[in-house]
């Protein structure tokens with residue numbers, strides 16, 4: 001009588017899905033033409049894209065590459081296509097691309113910038129693709145922070161070496177003193193020793209060594225730096241240094257130590273509450289007021305410090321988000337095994353918190369990299385500053401689109417690479433629930 | 001409830017309790033803000049004892065065992081673990097933590113590391129064991145909990161019961177002298193509870209000193225040498241399992257037992 005009882009007598013075999021739901025047709029049906037309205041919208045959208053491309057492609061490709069000035073460009077356009085409208089004058093890029101890339105950097109020393117760029121990529125390899133690059137490359141990464149500035153600014157070889165010695169003092173001091181005095185005192189003592197070395201001892205030592213063994217390369221002044229090179233330089237330093245500082249700030253903000261916490265919170269909130277451009281003006285104008293007269297504190301170095309601090313404050317908040325997303329059980333798991341605070345942070349907490357924060361971290365990286373163009377406002381000739389300078393030349397007066405398109409492409413290539421890398425990294429680190 | 005485990009016959013005569021004191025808790029008190037969570041706890045655990053701590057939720061059982069490895073801090077009284085007193089001295093805390101293993105309700109495995117890395121991490125970094133030796137030890141204990149073939153998978157790829165057994169193996173890799181279990185089976189499906197309890201029974205047979213907060217009364221009956229009943233942050237009653245289950249003295253205990261065993 002009852003319909004609720006049912007017993008299956010034979011099991012069904014697996015069948016093919018209907019032909020209209022698979023392959024190209026199936027895809028187009030599902031995604032483009034699933035209803036009358038969607039079909040109309042698809043056609044309208046395709047028409048819009050076609051319209052944009054029909055203007056953009058001729059502008060880009062039916063263009064003038066060889067000319068001495070904008071007026072010559074226009075003459076060629078009229079001679080060729082009968083109008084100046086809808087054609088790009090890439091001749092300005094052809095004429096000035098070296099300046100837009102290298103600024104006023106001496107042209108016979110371009111190789112040093114190029115070498116520094118190659119070194120940057122090589123030094124990044126062990127960090128970005130840890131399992132695909134040989135282990136020894138990590139030594140290059142460690143040496144990079146000293147070699148790169150030396151290549152860029154030149155000068156005596158003893159300068160980067162003395163800077164490296166300071167870090168060696170911290171490293172070995174911490175390592176050997178820890179057994180005797182405990183880790184905190186060892187770190188403080190080593191840092192003081194290193195500061196003493198940098199502030200007082202290293203200058204005469206470098207001077208002495210330079211007079212005895214004068215090895216060095218031609219010096220380049222900071223005012224000769226410019227163009228896209230400057231953006232890359234500022235970006236690399238701000239990105240590379242702000243991540244570790246951001247991690248420390250995020251940890252400090254969660255610390256139980258009242259004063260550490262107050263300092264970190266105060267720093268983060270202050271920096272985030274002030275526009276970057278204000279900080280840059282402080283770097284370019286105000287610092288001179290506060291520094292003792294006669295100190296020559298390089299303008300690019302000052303800008304680097306400001307951009308790094310700015311980026312670090314944002315980084316700290318992004319990483320704090322990652323830390324907050326970790327279940328408390330991870331801390332307890334680490335604690336229950338007897339790992340100390342720094343071991344737990346390094347082995348358990350940070351790998352997971354950073355992984356969670358990758359999208360935010362890379363956004364901050366991309367943001368600070370593009371913000372490097374703000375230095376044009378305080379008078380550094382970065383690539384934007386140069387585009388203005390080029391327009392000031394009577395030959396190229398009135399040219400906008402081509403310069404900005406070129407700048408946009410330069411930035412896009414770098415930012416898009418960062419974005420793609422972050423997606424690759426997220427996929428690589430995905431260990432959560434794949435079965 | 002009580003018949004969840006049983007197909008293993010434990011030879012209770014093998015379960016020896018020595019006279020040596022493993023944990024000594026004297027007049028311990030703890031507050032969360034104004035709330036008095038643990039009140040005058042006194043407990044002595046000898047080496048080889050298997051103690052089950054039962055009680056209604058919010059009675060402070062978890063808090064008490066978490067005080068033993070300082071995941072929670074007590075404000076008054078004394079806890080001595082293996083002769084070392086728990087104070088705010090970080091060195092003592094890390095020493096005790098490395099000698100006291102702990103399993104959690106939610107396993108707390110490290111999801112970014114493989115099963116093997118989960119097991120070798122603490123021996124390598126805390127005990128400074130050479131990597132090769134740490135791997136051998138880890139494989140030994142993974143075999144013991146019957147999941148050596150999963151060693152290179154990530155925790156997210158394992159079932160709950162397997163994850164909890166890995167968590168036990170991870171603790172064992174530190175060669176602890178005391179194991180704490182904080183509701184190790186509460187987050188598991190019924191069919192997985194058995195495999196975890198079997199592992200725990202094996203540990204008990206090997207003479208491990210164990211403190212288990214659990215609602216598995218069958219396990220308590222079969223394995224424990226002492227059952228402690230807690231309510232409102234106090235130890236209300238403790239006794240041998242037979243006596244505890246068949247002849248509870250306090251009214252609070254009777255009420256609790258009738259609720260969990262009654263149906």
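In case you wondered, yes, glycine gets a Cβ from its N, Cα and C as well.
What TrEMBL says about a protein is an automatic prediction, not a curated fact.
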Per TrEMBL, the range holding transmembrane segment, considering A:13-37, A:63-87, A:263-287: A:263-287
Tertiary contacts of the transmembrane segment (A:398-418), as residues 6+ beyond its ends and Cβ separation under 8 Å: 70, 88-90, 92-93, 97, 100, 228, 231-232, 235, 362, 365-366, 369-370, 383-384, 387, 390-391
Selected stretch (most C-beta pairs under 8 A with the transmembrane segment (A:150-172)) from A:40-61, A:109-130, A:299-319: A:109-130
Cβ-Cβ under 8 Å with the transmembrane segment (A:299-319): same-chain residues at least 6 beyond its ends: 222-223, 225, 230, 233-234, 237-239, 241-243, 245-247, 249-250, 253, 264, 267-268, 271-272, 276, 279-280, 282-284, 287, 353-354, 357, 360-361, 363-365, 367-368, 371-372, 375, 378, 380
